[in-house]
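K.L.:
Take a look at what TrEMBL says about it:
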type	residues	note
SIGNAL	1-19	signal peptide
DOMAIN	53-235	domain 'Aminopeptidase N-like N-terminal'
DOMAIN	270-505	domain 'Peptidase M1 membrane alanine aminopeptidase'
BINDING	HIS342, HIS346, GLU365	Zn(2+) binding site
ACT_SITE	GLU343	active site, proton acceptor
SITE	TYR427	site 'Transition state stabilizer'
DOMAIN	580-899	domain 'ERAP1-like C-terminal'
Amino acid sequence: MLVAPVLLLLLVPFPPSSGAQLPNQGQAKDLPIATNGQPFPWDRMRLPKTISPLHYDLTIHPNLTTLDFTGVARIELDVHEDTSIIILHAKQMQISNVLLLAPEGIRPLHVLEYPHFHQLALLSDSVLTKGRKYEVQLEFAANLSDSYHGFYKSSYRTSSGEVRVMASTQFEATFARAAFPCFDEPAFKANFTIRIIREPRHIAISNMPKVKTVELPGGLLEDHFDTTIKMSTYLVAYIVSDFLSVSKTTQHGVKISVYAVPEKINQTAYALDAAVKLLDFYDNYYDIPYQLPKHDLAAIPDFQAGAMENWGLSTYRETGLLFDPDRSSASDKLGITKVIAHELAHQWFGNLVTMEWWNDLWLKEGFAKFMEYISLDISYPELHVDDFFLGKCFDAMEVDSLSSSHPVSTPVENPMQIQEMFDDVSYDKGACILNMLRDFLTPEAFEIGIIQYLKRYSYQNTVSSHLWESLTNVSDVSVGTVVILCLSFVPLINRSALDVRAIMDTWTLQEGFPLVTVEVRGREVRLSQERYLKTDDPSLTEGFLWQIPLTYMTSTSNTIQRFLLKTKTDILYLPEEVDWVKFNVDMSGYYMVHYAGEGWNSIIRLLQHNHTALSGNDRANLIHNVFQLVSIGKVRLDTALELSLYLSRETEIMAVTQGFGELVPLYKLMEKRDMAALENQMKGYIVDLFRGLIDRQEWTDSGSVSERVLRSYLLLFACVRNYAPCVTKATQLFNKWKDSDGTLSLPVDITMAVFVIGARTPEGWDFLFEKYRHSMQMSVKSRMKTAMTVTSLQDKKWLFPLASYGEVMKTQDLPGVVVSVSKNPHGYKLAWDFLRANWHTLIKKFDLGSSTISHMVTQVTNQYSTREMLDEVRSFFGSLTEETGSEMRCIQQTYETIEDNIRWMDTNLPLLQAWLNKRSHKVAHEDL
C-alpha cells in the first residue's frame, strides 16, 4: 500500500468551513480539481448537509493471504435539499460500479475523487428531490492497512514460532473512510447492517451479535450480523481472527465476552469479571440500560492506542486487558480496571450521546476519564483509585502551562488537527474540570444533571452548552428540592441564578488555568487571579479571567468553606485570625495557589510539625504548587526545598510520588549539562530524604494496592540510584531467579527493581532478553522491556534498526522504548538520534498528529537544558515541511519546555548549590 501520499493529503492547508450549501457553480474556477482533471464540486473539508445517511448495508471480504479486501456498500440516503451531487468520504480505495437506486429505477452515477479531502462526488444526471429517500451502491477494494488504523493487518507469534495473521479495525477519528465509503463525521449517525466473508478457520465479530452464517461457493462463509442502533461511523468495528473467547452475563442480561489469541485466553478471567461488574454499575448509575444485547472486549496483538470504545465491541492492547493473577502487579490490575471502566463509560458518553464535531472531543474523553475514577471508587474501593486522580490534573497542567496549549473546546478542521485533540487537555483537564464542577454542585446534583443530559440527547449529537444547560437546570427536575438543598452550602451565590455555562465557559473556551494569589492580613484574605504560564513574556498572561470555585480550610476549622471568585481581585473575611489557610482543599479545583507574604512559611511550619493536619492530597498539591511557582519566579527555590524536608516523614503515595516528581527532574536536567558533582549531591539528597521509607519496604506483595504500587516505585528508585541495601537484595533475588532458569516465582511488585539490577551485567541482560522473546505474559514482558532500556551497558542498543521490529518486539511498543531510552543518562542522545533518523518511517506508521508521535517528541526532549540542544532540536524540526509535521503542536511544546528548562537552570543552579552545601554541612554537623 502506498502510505506516503496519505501524509501529503492530511496536511494541505484547508479553508475554514462556513456552511453547508454547495458552492456556486459559477465559481468553478475556484473549485478543487478532481483526479481526472475535472472541477470537483465541493471545496470544504467538512461535508455538506444536503444529504445524510440513514442506513449502511456493508459486505466486507478480507483476504488474510493476499492482505487486501473487497466490499459492497449500499447506503440509504435522506435528501434535505434538492441536489444532483452526493459528497462522501473514501480514502485510498478503488471505487467501481457506483449506482443510484431510485424509485424510477437503477442508474449509474459519475464519480469524481478529490484525495486531498478524502472525498468522492457522485454526480446524478437528474435531481435528487428534497424529502425523498434514495440508495447508492458502491463496490470498493483496498489493501489491508499496515498502520494501526482503518481496516488493518495484525499478527502474532505462537509459542511454537508460527506467525498468524488477523485483521481488525480502528476508525476513530477519521479512518472509517479507509475501510468503506461513508459520511465519516460524527454527526452523520446511521444504522449499519454488516456481513463479513471469511475462511472456516477464522471467526468474525462485529458490533452486533451474529444472526446467521451462510456457506458460499469455494468453501467460504458469510457471517450476517444484526443491524446496529443509530451510531457514528467511528464506532463501527469488525475483526477476523482465530481468537477464542470466554463469556458471562450481567445482572441486566447483557452477554459479556472477552476475546484473545488462543494461548492467552487463560489471562482473560479478570477482565471478564471487571466488565460484568462495571457494565452493571453504569446501567444503574446512568439509569439508562446498556443499549445492545452483548458487549465484546477484544485484546488485539497490534494496537496503537490504549483501547477503543466501539459500540458493542471494544478493542484493547493486550497489556490493557490481559491479567495473570500470579504474574501481574497491583499497578497492572489498577490500569486494566481503569481502561475497561473508561471504554464502558463511553457506551453512554460518546456512543449514545456523541459530540457534534471533534472540537468538543472532551465531552466524551474528559467524561470517560472522569468516570474511570467515579466507577472504581464505588465498584472497586479496594483499588483506592482516589489516591491517583491528582496525577491526571498535574499531567494536564504540565501542557496547559505553556503558551502552545489550547482550550478544551477548540476549532479543528483537518485530520491532523483532529488527531492532536486526543491529548492531556481533552482527557485529563476535561476530567479535572468535571471533578471541580461535581465538587461545586455536589455529587448528587451533578449525577442528576448528567442523567438528564444523557436521556435528553440519546442517539443525538451535542455541544458543550447542552451539558451546561442540563446541569444548570437540575432544579427543574422532580427532585429539584433535593438539589437546591445540596447547593445551600455555596455562599455568596444566588442559587436560583446559578449559571453553570457562564462558569464553565471560562474553563473550556480559553486555554490555561488560573494562579490564585492569597495574602492573609489579620482576618482579611486578599485574593487575585492571573494565568499561570511558563514564559519570559508577561504580556502573554493578560486578558484571562476565570470563575473559580474556591475552597479553603484554616487552622481553626477543618470545615470546607467555599467562595466563587469571579473577578480579578476580591477580599473575603475570616471569622477570626488564623495561623494558616489552605486553599483548593484536596485539590478539587483545577488551579494553583500562591501563598504570598508569610503564607508559605506558615505552611512549611505546619508540614514540619504536624503534616497530617492536611490530607495526603493537600500535601501533594502543596508540593506541586510550590515547585511550579519556582519556575515562574513567584517562590524562591530554597523555600520549595525547605518545604520538601518534611517528606522524610511522608508515607502517602500521592505526596511521595509528587515529591519525586518535582525533585528527580532537577538532577535529570543536570545530566544533560555534565555537572556530575552537583548532580550526585542532588541524588544523595533525595535518597536521604526517603531512606527511612525505603528501608521500611518489605520485598513481598503484601498491603493495599496503593502500598504495593508505592513499594514498586520506591524500590525501583532505590536500585536505580544504587542504594546499597536495595542493590544487594535485588542482586541476590535476580541470581536466584536466573539460576532457576526463570521459573522461581518472585514477588510481582518487586520484579522491576530486580530486573533493573539484573540488566546491569551483560549476562543478566542477555538472559532477560531471551526470556522476553519467549514470554506469553504481557505484564512480565513489559517490565523486562523497561528494565533493559535503563541499563548502563553501552553495547546493549535497544534502538536497533527499525526493520528489526516485529521480529523481536512489537512495533507498537517502539515509542515506549524510545522514551525509556531517552530517560537513561547513557541513552538520551541515542533516542534523539533514532527519532531523527527514523522520523519519516515513524510518522507513516503512527500517523501525524497522533498522541503516539506527540508523546515521543515531547518526552524524548523534555529534559534538555542547554542552548546547544535547543538549537539542535530547532534545526531538525525547522527542516520539516507541513507534510512531514512542521505544524504539529508538540513541536512548539518542545521548544517552550526546553526554553523553560534553560531559564530554570540559569536562575536556580547557584541557589540549589548553596542550599545543598548548607544542608550537607548542617547534616554533617548534626552527625558529630
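Here, residue 1 is simply the first one shown, and the rest follow in order.
Backbone N, Cα and C define each Cβ position, glycine as well.
All TrEMBL annotations are machine predictions without curation.
Remember, predicted model here, so these are calculated numbers, not experimental data.
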K.L.:
Which ones are near TYR427 (site 'Transition state stabilizer'): of the recorded positions GLU343, HIS346, GLU365, which have a Cα within 10 Å?
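P.N.:
Cα filter at 10 Å returns GLU365.
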K.L.:
If I restrict to non-local contacts, at least six residues apart, and a C-beta distance under 8 angstroms, what lies near GLU365 (Zn(2+) binding site) in its own chain?
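P.N.:
Expected: GLY350, PHE422, SER426, TYR427, GLY430.
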K.L.:
Give, as a single whole number between 0 and 100, the mean pLDDT over the domain 'Aminopeptidase N-like N-terminal' (53-235).
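P.N.:
Residues in the domain 'Aminopeptidase N-like N-terminal' (53-235) carry a mean pLDDT of 96 in this prediction.
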K.L.:
Do any residues at least six apart in sequence from GLU343 (active site, proton acceptor), in the same chain, have a Cβ closer than 8 Å to its Cβ, and if so which, in order?
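P.N.:
When sequence neighbours closer than 6 are ignored, GLU343 (active site, proton acceptor) has LEU297, ALA307, MET308, GLU309, SER314, TYR316, ALA368 within Cβ distance under 8 Å.
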K.L.:
Note down the number of other Cβ atoms within 10 Å of the Cβ of HIS346 (Zn(2+) binding site), including every protein chain shown.
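P.N.:
Its Cβ shell of radius 10 Å holds 25 other Cβ atoms.
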K.L.:
What other residues of the same chain, not counting HIS342, HIS346, GLU365, have a CB atom within 8 A of the CB centroid of the Zn(2+) site?
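P.N.:
Other same-chain residues near the Zn(2+) site: GLU309, GLU343, ALA345, PHE349, GLY350, LYS364, PHE367, ALA368, LYS369, MET371, TYR427.
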